[in-house]
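Undergrad: Straight out of Swiss-Prot:
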- Q119, D121, E127, N142, D143: Ca(2+) binding site (BINDING)
- C26-C37: disulfide bond (DISULFID)
- C54-C154: disulfide bond (DISULFID)
- C129-C146: disulfide bond (DISULFID)
- 33-155: domain 'C-type lectin' (DOMAIN)
- 1-20: signal peptide (SIGNAL)
Amino acid sequence: MGRFLLVTLSLLVVAFSLNGANNCCCPQDWLPKNGYCYKVFKDHKSWDDAEMFCRKLKPGCHLASLHSNADAFDFSEYITDYLTGHDHVWIGLRDTEKNYIWEWTDRSRTDFLPWKKDQPDHHNNDEFCVEIVSFTGYLQWNDDSCTALRPFLCQCKH
């Protein structure tokens with residue numbers, strides 16, 4: 001009987017830990033997803049200042065990287081619920097070399113690029129950082145001047 005109880009209890013612990021693994025370590029006002037915690041910050045910062053702010057939160061934090069339509073829809077809903085204005089939002093994608101090769105600050109694969117029509121364009125040779133565009137429901141991206149002041153989306157590893 002004791003062995004049965006121990007096995008049952010162990011299985012329950014494993015089941016609960018797996019069920020809550022996505023939510024286990026994120027602060028209350030952060031969005032848990034795929035082993036990361038995400039938060040949109042309303043403060044308006046340049047892209048570089050936003051990335052530095054995210055990095056200072058704790059090791060493993062950066063401006064967010066998005067890798068699928070599912071990510072885009074989840075973040076669209078989250079940002080729409082959180083932001084009251086119509087501000088575009090910085091994410092962690094940048095063309096550092098100014099050659100249309102876009103890279104994530106977390107060094108993850110650049111495998112999903114839902115650009116707004118006619119973007120990216122490096123307008124006036126000044127747009128090398130990426131924002132999620134508010135009037136597309138936060139579903140499409142635009143390149144903009146890295147000095148523009150925007151709210152931003154951070155991601156941190158659990």
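Cβ from N, Cα, C; glycine included.
On a predicted model such as this, the values are computed, not experimentally measured, just so you know.
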Undergrad: Excluding near sequence neighbours, so keeping only residues 6 or more apart in the same chain, what lies with its CB under 8 A of D143 (Ca(2+) binding site)?
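TA: When sequence neighbours closer than 6 are ignored, D143 (Ca(2+) binding site) has D95, Q119, P120, D121, H122, H123, E127, F128, C129, V130, E131 within Cβ distance under 8 Å.
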Undergrad: Which residue, out of the disulfide-bonded residues C26, C37, C129, C154, shows the minimum number of other Cβ atoms inside 10 Å of its Cβ in this structure?
TA: C26
Undergrad: For the domain 'C-type lectin' (33-155), what are the DSSP-based totals of helix, strand and coil residues?
TA: 31 helix, 37 strand, 55 coil
Undergrad: Measure from the Cα of C37 (disulfide bond) to the Cα of every one of the recorded positions N142, C146, C154, then give the nearest.
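TA: Going through N142, C146, C154 one by one, the closest to C37 (disulfide bond) is C154.
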Undergrad: If you count the other Cβ atoms within 10 Å of each Cβ, which of the disulfide-bonded residues C54, C146 comes out on top?
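TA: Going through C54, C146 one by one, the largest Cβ count within 10 Å is at C54.
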Undergrad: Near N142 (Ca(2+) binding site) in space, meaning Cα within 10 angstroms, which of the disulfide-bonded residues do we find among C26, C54, C154?
TA: none
Undergrad: Taking the domain 'C-type lectin' (33-155) alone, what is its mean pLDDT?
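TA: Summing pLDDT over the domain 'C-type lectin' (33-155) and dividing by its length gives 96.
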Undergrad: Excluding Q119, D121, E127, N142, D143, which residues of the same chain place their Cβ within 8 Å of the centroid of the Cβ atoms of the recorded Ca(2+) site?
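TA: Neighbours within 8 Å of the Cβ centroid, excluding Q119, D121, E127, N142, D143: W115, K116, P120, H122, H123, V130, W141, D144.
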Undergrad: Give the number of CB atoms, excluding that of Q119 (Ca(2+) binding site) itself, located within 10 Å of its CB.
TA: 18
Undergrad: For each of the binding-site residues (D121, E127), count the other CB atoms lying within 10 A of its CB, then report the residue with the highest count.
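TA: Comparing the binding-site residues D121, E127, the most crowded Cβ belongs to E127.
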Undergrad: Looking at the disulfide-bonded residues listed here (C54, C146, C154), whose Cα lies nearest to that of C26 (disulfide bond)?
TA: C154
